[in-house]
Structures are given as structure tokens and as C-alpha cells.
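Per TrEMBL, the features are:
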ACT_SITE  Cys2  active site, nucleophile
DOMAIN    2-245  domain 'Glutamine amidotransferase type-2'
BINDING   Thr314, Asp376, Asp377  Mg(2+) binding site
REGION    497-532  region 'Disordered'
Amino acid sequence: MCGIIGILLANEDQHVNQMIFDGLTVLQHRGQDAAGIVTSENRRLHLRKDNGLVKDVFQQHHMTELRGNMGLGHVRYPTAGSSSCAEAQPLYTNYPFGISVAHNGNLTNTTSLNSHVSEECLRHVNTDSDSELLLNLFAEELTKRKRLTGNFANDIFAAMEGVMRQCEGGYSGLYMINGVGLVGFRDPNGIRPIVFGSRVSQKKEGLVGFNLDYCMASESVAIDTLGFKLIRDINPGECIFISHDGNCHTKICHPAARLTPCIFEYVYFARPDSIMDGCSVYETRLNMGVKLAGEIQRRYPEHDIDVVIPIPDTSRTSALQAAYQLGRPFREGFIKNRYIARTFIMPGQEIRKKSVRLKLNTIKSEFAGKNVLLVDDSIVRGTTAREIVQMARDAGAKRVYFTSAAPPIRYPNIYGIDIPTQHELVAYEREEHEVAKHIGCDWVVYQSIPDLEESVKMAATEGRPIGEFDTSCFSGTYVTGQKIGDEYFQALHEKRNDAAQHKKGGEKKVGEKEMGPAGSGGGVSRLLMMEG
């Protein structure tokens, strides 16, 4: 649940700070816990990161210090590690060369990796973040090459092959190597998204050298917004190296790479104006609405639905198409306060409960005396759904039906989306009628997994067709293939359950005070002087 962006400009007199800031703002939906930017200027690195939204972390005096024509940006929600600003990204290590990382996803074999990095590589791991492991593994692999040779690409690809050989899970990421260039990569199953694009550089008259600027980001919307032309998604197991002199090199670094992207990106997480692996997120959600309406008509051919109302915002596209297919009016019955954070990604159940009525208010005339079909993108814990159903009844609805554009979520996501542990999921060991009773509605209809997969495939605009998806949170089948046993899920439960989230929010991590200089609000803002 993170957003990443990396930019390399051909004109060394230009600075990437504003573009990375704008790109992170576009990707803010992918993480609201922390934000960070690191830039490279004449072999010196400038870093600013802290907890908070992009607009709050970066003030004018921070931006003027983030100089350089190459940089990384990151917005974070903590699925691994803690919410300490010490674990905000980008992270860096000064040996070899000075390497920074921005990472999206989750590694599932962190215990063995931590032992390897600490005991065999003799590298200090300062946080609980798996991103720090990715950073140190890559640094260690590059160290084996002693010094990058004239052909940087071969050394970097060899290092990336070593990283992918050791890491399990779903991940995409960016490395910035000081004085060398940008490296983008994606896990061998293509679970987490990352794309790249380019544009003609705005170089000063008379300057020579390469004339393309490059951008790599979690979603195509960042590429579009910044005026770059989308080239394509980074392929599963692929590494892309863009050298400081503008040469672009690519290589598949894993022998068993295959495309199995996370289907929950299309359901909820991605922005509707993004294109992922050649499939439009917007078109996918339209198709989900059509399939959902078909399921309702099949199950309840004599339904008495009067009006279709979406739960803002993600479900609006599916609800609009479902209403059209059902021949019922589409109405906005809930008005959202846009200054309240998205409920799904707010740590802690009590905060989540409290925020629902602050976030949404009803237009009572759209509910009074009507049989209402509420459409949401998914039902996770059921906390929000139960509050929303009660709000509809309080507004005067006769009957309240609830439908989910996603299948029942019965299993944790272990690849980087903070879907909680099984016992906190409302659909775990419950049938639809039991879920309906739990959230207080008259009936519940879920999307089926085959219909959801078909909805994405129908939205393909280009690229190779997707044959298989990661549907683990619905099916319990994990595409990485390693055995995910009870021990792993128990450890996951101890990290992710609401009691742990509550404790995490109130504790002070060792070293947190030292990481934030006086006057920085607990964040990190500094000049990192590194000789290449």
C-alpha cells in the first residue's frame, strides 16, 4: 500500500523536486502515513521525509533544499514495520556508491532475509521494514562487483538477479545509485504495479547529450499528469536501468517470471484513470457493475429495488453501470467530507468506527420510504458497512440491500495491501446471509471471482493478455507458491490486529527522536554528502 516515483532529467540544471512532489500528490491515495523525497545533485544526496500527507511534509524551505536532476519519492502506509518516521522512505545506505530505495509491496521471507543480511553480510538492519532488507540485499550484491565497470548495466542486472533469487513476495521498487542512475524493478509474478515513460527534455540551447527525461511510477496517472508519455509496464521479473547519461537498459532477471497481478488494485486501490498491465481501471469498474447487476437479476429476478446509491468514492463507477443494467435510477445519497482520511487505510478499529459518520452524511430524501441498493467496492471488516446500513435506515429507507463489487474477502493479503487477519474479516467463515445479518441489511450479494477476473480482461486496451491474477484475499491461493502456514499468519496477526495497531500508534520507537533534528517536527531533513 505505497506509491513510488523516480525521475531522471536530461538537463542537469533542472531540478526534479517539484515534479516528484506533484507525482506523489497524484499517488497520495496509495498511502497517507508518511512521505519522502531524496534527490541527487552532483553526487550529493538531499533527503526529506516525515509522517503525514505530501502537502504537510514538504514546505517551501524543504523544497529549496531538494536540488538535483535525479530523485525518488515515496508515500507510505505501513503494512510491515511500524509507523515511525524512521521507517518512512526513501531509505538509503552509503556503501557502495550511495544507494536509496523506494519500495511498494511486502516480502514474505523477512525472517530468513534478516538473518542473512545481519549474520552473513554483516550489515546492520536498523528498522523492522522489509524495504531496508531490499536495500541492503541490493547493496551487498553490488559490493560483490567491487566497482561498477564501464558497462554498468551488466553489473546492475547481475545484482538484481541476486536480489530476486533471494526475495519472496510481491514487490516493485526503485533504486537510485548516486552518480550512476535509476533502477526500476518488479517481482517475478508481477503482483505489485510499476510503469515507466519518457518525454523530450527541455534542455537549454546549446547543451549536448541525451535529450529524454524518464519517469517510473506505481501508476500511469503519475506519468500522464507530469507530461510524460507512457511506454509500458515494467514486466514481471524485469529490471530497467537508466544511466545518468540517458541510456535505457532492460533485462528479465528471473528465469520463471510470469504475470499474475494483484486483482485488488483494480477493485479498490488504483485510481480509475490509471492503466495497469494494459487494462483500464475505469473500464474494469464499469464491467464490474454490469456483472454485479447480472448476478442480482439472476438471484433476485423479482427484486423491488427503487434506487441504486454508491458508497463514495471508489464504487461510484460500478454503481452507475449497475443502475443502468437494472433499469433503476442512480442517486447520490451519501455526501463525503473529503478532509477525512479513507476509512479502509486508517489504523485501528476504534478510529475507523468513529470516522464513518464524520466522513459521510446522508441526503435523506434519497432514502425516505425507498428500497435502497447500496453498492460498495468491497466489504472488509464490516465495520463501515454496518454503520452505513444504519445511516440508511436512520434516513428512512424501507429496505436496505448491500452489494459488493468484489468477492468475499476471507484471507489476509500478504503482498503489500493491509487487509487484516482472518478473524477480523466479516466474510471469514460466514455465508452471505450471515454477513447480511452481521451488517444489518436485508440481503447481501457479492461479485464472483470469475466475473471479477473477466471484468479486468474485458478492459484490456493493449499489451499481452493477463492469464492469471493474484486473488489470494478472496481464494486463499497465494501465487508465489511458497507454503504459507499457520505460523506465518499468526505472526501477521500479531502485527496487524487492531490491538497491535493501537499499541503501535501510541509507542515511541527507539531512535525516533534522534532521527528527527530539532525543529523538524520529528521528520528527517538533511544533506547526505556521499562521494561516488
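Cβ coordinates are placed from backbone N, Cα and C, and glycine is handled just like the others.
Spatially close to Asp377 (Mg(2+) binding site) yet at least six residues away along the chain are Val267, Tyr268, Ile311, Thr314, Ser315, Ser318, Ser404, Ala405, Ala406, judged by Cβ distances under 8 angstroms.
Sequence-distant contacts of Cys2 (active site, nucleophile), defined as residues of its own chain at least six apart whose C-beta falls under 8 angstroms from its C-beta, comprise Arg30, Gly31, His74, Val75, Arg76, Tyr77, Gln89, Ala102, His103, Asn104, Gly105, Ser218, Gly416. Taking a C-beta cut-off of under 8 Å and a sequence gap of six or more, Asp376 (Mg(2+) binding site) has these contacts in its own chain: Pro310, Ile311, Ser315, Ala385, Ile388, Phe402, Thr403, Ser404, Ala405. For the domain 'Glutamine amidotransferase type-2' (2-245), the model gives a mean pLDDT of 92. The Cβ centroid of Thr314, Asp376, Asp377 marks the Mg(2+) site; residues of that chain outside this set whose Cβ lies within 8 Å of it are Val267, Tyr268, Pro310, Ile311, Asp313, Ser315, Ser318, Val375, Ser378, Ser404, Ala405, Ala406, given in sequence order. For Thr314 (Mg(2+) binding site), the Cβ neighbour count at a 10 Å cut-off comes to 24, with all displayed protein chains included.
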